[in-house]
Amino acid sequence: MQQGDYNSYYHHQYSQFQNPTPNPNPNPNPSPPAPATVAGPTDLTRNTYASAPPFTGGYGSADYSNYSQNYTPYGQNSEHVPPSAPSFTSPSQPPPSPPATSLNPNSYSTFNQPPPPPTIHPQPLSSYGSFDSTAPYQQPTSQHMYYSPYDQHQTSGYSSAPPPSSAPAPNPNPAPYSSSLYSAPPYSSGGSSIPPSYEKPSVKFDQSGYDGYNRSRSDLGSDLYGKRSDSGEYPAFEDSYGDGVYAYQGGKVEPYGSRGTAPKSSNSTLFDDYGRSISFSSSGRDSSVSSNSAKIVRAVPKADVQEDSTGGVQKFRVKLLAETYGQTTTDVLCQIGLDGLRMLDPSTSRTLRIYPLENITRCEKLDSSILAFWSKTPVDIEAKRIRLQSNSYTTNTLLDTVTAAMFQAKEIGGSSRPPTSGKLIEQTAEKKKGLGDWMNIIKPVNEEKDHWVPDEAVSKCTSCGSDFGAFIRRHHCRNCGDVFCDKCTQGRIALTAEDNAPQVRVCDRCMAEVSQRLSNAKETTGRNVSLQSHEDLARKLQEEMERNRKSSSGLREGSGRRMKEVACPTCTVHLQVQVPVSGSETIECGVCQNPFLVSAH
């Protein structure tokens with residue numbers, strides 16, 4: 001439909017009622033017929049239709065004869081006449097009732113035809129030219145338009161037009177698509193004598209030209225994309241957009257490739273780039289369960305907190321090796337603190353032995369699994385050796401902890417600034433030299449060690465198994481005390497790192513052990529003579545104990561779960577863990593980082 005074609009829709013709908021030869025001499029002043037009976041509400045319902053309000057079966061020409069007398073007769077002429085200017089004359093015969101064909105259910109008659117554009121094609125005036133009866137009559141020279149009140153129920157016909165002086169000037173540029181132009185009119189009952197007015201301001205022509213009534217776009221509803229409107233009705237010409245055209249809904253569109261993954265609520269599940277679920281659940285229980293299943297709890301070494309100045313201590317499960325004949329190897333808990341090394345009974349925690357830090361002369365590793373330290377009392381002439389056996393990691397940890405504890409105890413008890421390393425080495429060497437000379441003087445020639453195995457207890461060589469006899473003599477290893485033959489005790493080595501230490505007979509096994517021990521002792525001595533190393537070790541011990549004490553207290557205070565002391569099966573370090581409520585839980589050792597299971601029972 002082209003712009004300016006104002007009659008095509010009319011021809012399409014009412015072509016059977018179109019009169020191609022209109023009356024050339026219409027009667028400007030028809031005689032009023034007998035007054036017709038006003039139709040009741042039932043008649044109005046049956047006879048009215050949406051497109052032609054003024055022509056119903058219950059109304060005669062007298063209903064609007066007064067309206068037409070207010071204007072001069074308007075006849076046919078050759079000028080361009082807008083199709084919306086009615087003649088307000090009654091036809092020579094009653095108009096036939098229009099067909100019962102229902103127009104578009106969403107279409108409304110605008111009942112106000114604004115002035116058409118100046119360039120318009122002429123058309124013959126139909127006998128039904130007064131069909132658009134609600135359009136205002138426009139004087140050729142007038143600049144104002146008058147709008148007659150329209151009663152939607154057609155109770156009293158048309159009222160007289162307002163005087164020109166009271167008509168407001170229309171807005172030359174109204175909003176063409178304003179939804180407020182079609183607000184509901186005041187409703188009145190069918191028997192009211194005062195007709196309610198349905199006044200509308202002027203609007204521009206619909207540039208799209210949907211139909212013969214020049215409806216604006218707002219008649220089609222708020223949905224301009226052919227979708228169903230909120231009221232459930234479909235606008236006209238919904239097939240004019242073609243198939244597959246839908247309204248854009250930006251807020252409801254999901255990202256490409258993620259259909260079904262858009263969040264519907266705060267408890268929904270999202271997915272990352274690798275397809276793993278990302279939960280934003282507000283439930284604290286769910287988050288705690290997921291975190292526990294995804295992460296293994298790390299247990300820290302157990303540290304007993306004491307109220308005195310000794311600070312925190314650490315316990316290690318080790319084996320106390322026998323040093324003399326008659327002793328047995330026992331399992332103990334080695335507790336290292338600033339007060340010394342305590343050997344505790346694992347079952348009763350009773351103190352079996354105590355070695356104060358000030359009495360410990362040195363500490364070194366005999367091999368990867370044995371730690372030895374020497375301790376003496378004021379009544380002892382020579383320091384006694386104590387050997388502790390464990391795995392390699394625990395042995396290294398024990399060595400570092402004992403060394404740091406010794407230097408920290410000296411710094412706390414003595415002066416905070418120890419003597420220089422050169423003087424310390426000289427004084428230590430002099431003392432060791434004098435003590436060694438004195439020990440060599442007073443030591444008997446045939447001295448037997450306490451840990452030596454008696455000769456009568458062994459009849460064969462411990463290493464090669466040769467039977468002892470007149471030609472195969474028994475020899476004791478000065479390090480381990482076992483009995484060997486001469487061929488298995490060819491090694492000679494000093495058992496200590498002292499300068500005047502004598503070379504003694506050792507077995508082949510102890511030869512390698514003592515050599516490794518002496519090399520470790522030299523490295524430890526070179527590391528300990530540095531002042532910075534002393535401070536680092538002391539600081540390390542203090543920080544480690546403080547951290548363990550805080551973590552242990554935090555676990556006790558922050559959690560209502562029962563705590564339990566568990567020994568790591570790998571490094572034998574005692575750990576303080578939370579006992580699970582039921583079943584078992586995987587715990588990671590804070591020392592060796594190896595996982596193990598802790599059961600609820």
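If you go along the chain as it appears here, the first residue is 1 and each next one adds 1.
Cβ atoms here come from the backbone N, Cα and C positions, even for glycine.
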Query: Looking at Ser156, Ser216, Ser309, Ser530, which one is marked phosphoserine in Swiss-Prot?
result: Ser530
Among Ser293, Ser459, Ser463, Ser533, residue that the record in Swiss-Prot marks as phosphoserine: Ser533
- prompt: Which one of Ser102, Ser160, Ser218 shows up in Swiss-Prot with the note phosphoserine?
  reply: Ser218
- prompt: Given the ranges 267-292, 527-552, which one is assigned the annotation coiled coil in Swiss-Prot?
  reply: 527-552
Query: Looking at 296-302, 338-344, 366-372, which one does Swiss-Prot call region 'Nuclear export signal'?
result: 338-344
Task: Do me a favour and check the Cα-Cα span between Cys507 (Zn(2+) 2 binding site) and Cys485 (Zn(2+) 1 binding site); whole Å is fine.
output: 9
Statement: Sparsest Cβ environment (other Cβ within 10 Å) among binding-site residues Cys461, Cys464, Cys480, Cys485, Cys488 belongs to Cys464
Task: Just jot down the residues in the same chain as Cys477 (Zn(2+) 2 binding site), at least 6 apart in sequence, with C-beta under 8 A of its C-beta; none if empty.
output: Phe484, Thr489, Arg505, Val506, Cys507, Cys510
- prompt: Within 10 Å of the Cβ of Cys507 (Zn(2+) 2 binding site), how many other Cβ atoms can be counted across all chains shown?
  reply: 26
Statement: If you measure between the CA atoms of Cys464 (Zn(2+) 1 binding site) and Cys480 (Zn(2+) 2 binding site) and round to the nearest Å, you get 16
